[in-house]
Amino acid sequence: MAIVVENECVQDNMYSLSVEYSGSCKMGQFFMLRCWDFDPLLSRPISIYDFRDGIVKFLYQVMGKGTEKLSKLKAQDVITLQGPYGNGFPYLDEEDITLVGGGMGIAPLHYAAKELYRINPNRHIEIYLGVREENPIIKQFKDEFPNVKVNIGGIITEDIEYKKDHVILTCGPEIMMKIISEEGKNQGITVYTSVEKRMACGVGACLGCTCKTTKGNKRACKDGPVFLGEEILYE
Amino acid sequence: MAIVVENECVQDNMYSLSVEYSGSCKMGQFFMLRCWDFDPLLSRPISIYDFRDGIVKFLYQVMGKGTEKLSKLKAQDVITLQGPYGNGFPYLDEEDITLVGGGMGIAPLHYAAKELYRINPNRHIEIYLGVREENPIIKQFKDEFPNVKVNIGGIITEDIEYKKDHVILTCGPEIMMKIISEEGKNQGITVYTSVEKRMACGVGACLGCTCKTTKGNKRACKDGPVFLGEEILYE
Amino acid sequence: MSRLKTKFMNTVMKNPVVVASGTYGYGEEYVGYYDPALLGGVCSKGITRYPKPGNDGIRLWETPSGLLNSIGLENPGIEVFIEKHLKKMNSLNTAVIVNIGGNTIDEYLESVELLNGCNIDFIELNISCPNVKVGGMAFGIKAESAAEVVSKVRKISKHKIMVKLSPNAENIVEMAKACEDSGADGLSLVNTFQGMAIDIDKKKTVFDNLYAGLSGPAIKPIALRMVHQVYKNVNIPIMGLGGISTWQDALEFIMAGATAIQIGTTNFINPMAPIEIIQGLEKYCEENNVESIGEFVGVV
Amino acid sequence: MSRLKTKFMNTVMKNPVVVASGTYGYGEEYVGYYDPALLGGVCSKGITRYPKPGNDGIRLWETPSGLLNSIGLENPGIEVFIEKHLKKMNSLNTAVIVNIGGNTIDEYLESVELLNGCNIDFIELNISCPNVKVGGMAFGIKAESAAEVVSKVRKISKHKIMVKLSPNAENIVEMAKACEDSGADGLSLVNTFQGMAIDIDKKKTVFDNLYAGLSGPAIKPIALRMVHQVYKNVNIPIMGLGGISTWQDALEFIMAGATAIQIGTTNFINPMAPIEIIQGLEKYCEENNVESIGEFVGVV
Ligand SMILES: Cc1cc2nc3c(=O)[nH]c(=O)nc-3n(C[C@H](O)[C@H](O)[C@H](O)COP(=O)(O)OP(=O)(O)OC[C@H]3O[C@@H](n4cnc5c(N)ncnc54)[C@H](O)[C@@H]3O)c2cc1C
Ligand SMILES: Cc1cc2nc3c(=O)[nH]c(=O)nc-3n(C[C@H](O)[C@H](O)[C@H](O)COP(=O)(O)OP(=O)(O)OC[C@H]3O[C@@H](n4cnc5c(N)ncnc54)[C@H](O)[C@@H]3O)c2cc1C
Ligand SMILES: Cc1cc2nc3c(=O)[nH]c(=O)nc-3n(C[C@H](O)[C@H](O)[C@H](O)COP(=O)(O)O)c2cc1C
Ligand SMILES: Cc1cc2nc3c(=O)[nH]c(=O)nc-3n(C[C@H](O)[C@H](O)[C@H](O)COP(=O)(O)O)c2cc1C
Ligand code: FES
Ligand code: FES
């Protein structure tokens with residue numbers, strides 16, 4: 001049981017939800033959220049968009065029943081947060097980083113950029129964001145971080161400059177992550193991808209979120225959601 | 001789809017709900033209410049407590065999941081009203097009336113008293129209310145109507161003065177209605193009772209609310225909820 | 001609305017949306033909401049040879065997304081039904097389907113015989129009734145038991161017979177095939193699942209009758225699977241039902257093999273649902289440029 | 001907590017609350033929430049003789065109050081299980097139940113044989129697996145098929161055998177009796193109901209495997225009825241499950257005849273549910289001045 005601090009519509013059907021949370025969490029992790037009894041039955045996995053001063057922030061898009069119900073939350077309402085779950089992005093100390101986000105995949109990259117700068121303010125980070133239309137979140141990225149490149153309505157993978165000394169972290173549509181993983185492999189660049197799968201338990205107990213990898217089946221919720229791009233066997 | 005005007009806690013777990021409603025309705029009728037998808041599955045029958053100026057008012061007690069969800073409604077929220085359903089109390093023109101309500105059975109008697117005075121302001125109406133503890137609704141009755149007798153925590157049937165020239169309308173616990181019906185029959189006084197049954201459809205289609213009477217099975221929702229007391233075969 | 005026109009057995013219906021037996025009274029209870037002439041058809045409450053008062057005690061109990069009912073086939077008997085209710089049903093200007101139950105084969109046969117003189121579209125033969133001769137086990141559990149009643153009814157009925165299968169059948173496919181082989185002209189499935197509820201305070205079953213019938217959205221995935229299995233194994237048309245509450249649900253049943261569908265418990269939840277479902281299907285056909293909803297039957 | 005102490009077959013459990021196979025991994029996934037030592041017991045994910053990668057495509061689909069799953073028994077095989085997971089399960093300090101599946105009788109026998117050398121409390125024999133020799137129809141559908149595998153397993157197993165029944169069995173009572181007669185030491189029921197979902201946009205089944213298994217609150221009324229029916233017809237202890245989400249649900253199953261109960265899908269919804277259920281049962285016993293929860297078994 002946690003308390004909603006704010007739940008505001010960012011644009012159209014995209015919402016930003018802030019919730020009181022006294023624990024700790026890592027970039028690239030997610031929570032399972034619910035604010036209903038049995039309808040829908042399962043909780044909904046949502047990535048950490050931001051975390052500070054005891055408040056965790058999510059950015060989500062209304063897709064169906066679950067996110068629709070989340071969107072109705074008001075300040076002071078009660079919500080259930082299960083988590084944080086998942087391995088998260090690797091806390092790389094030294095490396096320069098390229099972040100590539102597509103669609104709602106930009107959400108976890110916000111906290112990732114923040115954390116990566118926090119542990120090493122002097123590194124170089126390039127941020128590529130591919131979205132269907134201009135939105136206030138893009139502005140937020142630009143205000144907070146340097147080197148933000150945005151592609152509106154186009155194909156973000158065509159914009160990326162693959163830098164040999166960078167590590168790439170990416171989250172977004174499967175096809176995007178697949179292309180980046182392949183290109184990274186060709187160029188000898190390490191790519192980490194954050195995969196999205198339907199989830200029931202979030203803790204590795206149900207095997208509903210299995211992901212095929214070169215090292216056998218992995219659980220997206222527990223062994224992931226972040227995997228080395230080259231390990232994922234895309235469908 | 002109707003709009004909630006107000007939903008206020010009257011006392012403890014008793015609520016007063018006002019909803020915009022542009023149709024017409026009769027005393028003793030009820031609506032089936034819902035403000036949820038499938039959980040619970042069915043709508044909840046609630047009597048008309050008051051109706052004027054396009055606003056219908058309900059008085060209800062939180063019993064379980066359904067009324068719990070009703071209690072969470074706020075002004076401007078959307079609610080579904082199905083109805084008005086049922087036959088309602090008879091619109092007697094001339095008669096003097098004794099009204100006896102027990103527990104939440106006092107709810108429909110409020111609108112009944114109002115309507116009975118409206119169609120004949122000169123008649124005599126005696127109102128007996130049996131409740132577990134003093135509450136603001138009792139005060140409301142006393143403010144609005146003369147001859148209100150209240151029994152707190154005791155047995156209301158012991159207070160009733162059966163008047164030969166009165167017709168009795170009653171709503172409340174089955175045992176109360178049974179005693180009044182029997183006593184009425186003994187004394188040759190006409191008694192109408194409003195029965196309470198689990199309901200699914202509210203329109204007479206499912207036969208879930210069947211009530212045994214001297215004239216065979218009757219549907220509480222459609223043929224009732226108001227029946228001649230002497231016709232009901234109490235269990 | 002011609003895209004929704006549906007031929008079921010020899011009846012042409014305006015659309016494939018029918019309201020299910022026991023959830024729509026005798027067709028007039030929802031007239032305050034819409035004109036039943038808009039429906040594909042109306043199934044009567046289950047009728048037996050002789051009047052039945054129905055079951056004592058609690059008759060309704062909610063479960064997660066489901067409803068347990070133990071109405072016990074309360075009805076006035078076939079003769080009163082024909083006299084009092086059938087004429088009104090016939091004036092509804094929609095397909096009239098009479099649902100017949102019974103505890104002995106003779107009861108079924110007598111009811112069907114009496115209907116031979118009536119103007120109805122077809123009979124829905126409810127074989128979920130306990131067979132008093134076979135220790136109360138429903139006709140619909142064992143295929144042989146069903147075959148017997150279906151073939152006898154088929155022989156004497158002037159009307160087409162749609163047999164309503166119970167999901168409690170030991171083997172739904174064998175049951176369906178046995179009914180087809182015995183002359184059933186069509187099938188409807190499913191009836192309610194046998195379920196139970198216990199009142200832990202009273203340490204007793206909720207229903208006087210011990211078990212009750214489960215319906216509603218909870219059962220949809222199982223009902224859909226059964227319709228699909230049966231469709232793959234018979235050549236007579238199917239009416240699918242069980243938990244349908246939206247046009248998307250209806251379309252799932254149609255794609256699984258149902259030529260028409262029925263709406264039961266959902267009538268209680270949203271009285272306008274049958275109309276919304278008809279409109280939803282119509283719109284879907286339009287948007288997909290499909291001339292007839294029939295094109296979707298069994299595509300999965 | 002002694003009021004909840006429960007003897008099941010020859011295992012004494014701290015309480016009658018067990019977590020169900022396939023919903024609790026190998027016992028360690030929920031340690032962030034509570035110590036599994038608080039549980040009556042833990043059932044392992046279903047294990048087969050050889051490793052299985054599980055099913056392709058969508059594995060989870062929500063239905064009203066229910067969950068369809070098509071995991072396809074993904075597991076590392078019995079040998080890796082014994083080597084890698086069993087030792088950890090044994091260190092949980094709760095009853096360890098190993099759930100065994102297979103597509104041939106030999107697979108079952110080999111797995112059980114390998115377990116003979118292990119320290120476990122008992123085996124849960126999952127007979128819902130498709131029997132490849134009998135055209136893919138699960139062992140758990142026909143009583144004879146189940147009887148064969150149960151009696152063979154019984155003969156060679158050092159451990160007690162609790163047979164897990166499928167609600168898709170043609171006749172749940174005959175199935176239970178056949179298992180009892182074949183030497184089952186206990187029964188658990190129910191496994192998932194065969195269900196289906198269709199993606200109307202793609203005009204395809206949601207699951208690559210066509211059908212999937214339905215679990216969760218939706219199935220509770222049917223599961224409860226089956227436990228009650230079976231209890232009235234066998235003399236071996238029963239573990240009841242199917243949609244239990246509260247202590248009241250658990251008590252309903254106990255009153256219907258279950259000596260112990262399992263929590264499955266609810267673990268996903270509320271990870272603390274097993275503990276809340278244990279506490280609720282404990283409190284109920286206290287308030288009702290009942291020395292042992294066992295007094296409620298089968299009172300209905
Ligand atoms: C680890 C993880 C992190 C995520 N982080 C975010 C986030 O930060 N912001 C955000 O907006 N969304 C995020 N998602 C996706 C989000 O969980 C789904 O959009 C949400 O569960 C949809 O629920 P719903 O009830 O609204 O829609 P539903 O009615 O359940 O589904 C709507 C549509 O979404 C698809 N869908 C549902 N669940 C998933 C799923 N888990 N994976 C892929 N497709 C699905 C369905 O097939 C359907 O087409 C994340 C998913 C995962 C697995
Ligand atoms: C015609 C009619 C008019 C009514 N008018 C009012 C009213 O004006 N104000 C008011 O407070 N209540 C009224 N009721 C009762 C009200 O409908 C129930 O209290 C409500 O449905 C309980 O729903 P729930 O989900 O909160 O509780 P549930 O969880 O459904 O049930 C809580 C308890 O109430 C019992 N119960 C549930 N439904 C009924 C029912 N229909 N009849 C009898 N017992 C039931 C259950 O067995 C359980 O013990 C009326 C009932 C009827 C039939
Ligand atoms: C209250 C109620 C009464 C019913 N009565 C009958 C009946 O008399 N005859 C019959 O064949 N089916 C009867 N049924 C079963 C329904 O027709 C339908 O088969 C079942 O409810 C499943 O569909 P649903 O989930 O859409 O409700 C009844 C169902 C309910 C809920
Ligand atoms: C994701 C999932 C995986 C399951 N895997 C197994 C399994 O491997 N072996 C088994 O016997 N039952 C398995 N089951 C069935 C459950 O153990 C249980 O019998 C069923 O879900 C009904 O209980 P519930 O409604 O409490 O979940 C699984 C169920 C789910 C939801
Ligand atoms: S969601 Fe259950 S194992 Fe990943
Ligand atoms: S509630 Fe359906 S007939 Fe009365």
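Every residue gets a Cβ built from N, Cα and C, even glycine.
Nobody curates TrEMBL annotations by hand; they come from automatic prediction.
Record features, source TrEMBL:
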type    : residues                                                      : note
DOMAIN  : A:1-91                                                        : domain 'FAD-binding FR-type'
BINDING : A:R44, A:P45, A:I46, A:S47, A:L59, A:Y60, A:Q61, A:G66, A:T67 : FAD binding site
BINDING : A:C201, A:C206, A:C209, A:C221                                : [2Fe-2S] cluster binding site
Binding-site residues among A:R44, A:I46, A:L59, A:C206, A:C209, A:C221 whose Cβ lies under 8 Å from any chain C Cβ: none
Distance [Cα-Cα, Å, rounded] between A:C221 ([2Fe-2S] cluster binding site) and A:I46 (FAD binding site): 11
Distance-selected binding-site residues near ligand 1 (C-beta under 6 Å), from A:R44, A:I46, A:Q61, A:T67, A:C201, A:C206: A:R44, A:I46, A:Q61, A:T67
Packing count at A:R44 (FAD binding site) (other Cβ atoms within 10 Å of its Cβ): 22
Environment of A:R44, A:P45, A:I46, A:S47, A:L59, A:Y60, A:Q61, A:G66, A:T67, the listed FAD site - residues of the same chain whose CB lies within 8 A of the CB centroid: A:L33, A:F58, A:M63, A:L70, A:M104
Collapsed DSSP category at A:C209 ([2Fe-2S] cluster binding site): coil
Per-residue pLDDT averaged over the domain 'FAD-binding FR-type' (A:1-91), given as an integer: 95
Annotated FAD contacts A:R44, A:P45, A:I46, A:S47, A:L59, A:Y60, A:Q61, A:G66, A:T67, maximal Cα-Cα distance (Å, integer): 15
Local backbone state of A:L59 (FAD binding site), from DSSP in three classes: strand
Cα-to-Cα gap, A:C201 ([2Fe-2S] cluster binding site) vs A:R44 (FAD binding site), nearest whole Å: 10
Local Cβ density at A:C201 ([2Fe-2S] cluster binding site) - other Cβ atoms counted within 10 Å: 29
Same-chain residues at least 6 apart in sequence whose Cβ lies under 8 Å from A:C209 ([2Fe-2S] cluster binding site): A:K197, A:R198, A:M199, A:A200, A:R219, A:A220, A:C221
Distance from A:C206 ([2Fe-2S] cluster binding site) back to A:I46 (FAD binding site), taken between C-alpha atoms, in Å: 18
Among A:L59, A:C206, A:C221, the one of these binding-site residues whose Cβ has the fewest neighbouring Cβ atoms within 10 Å: A:L59
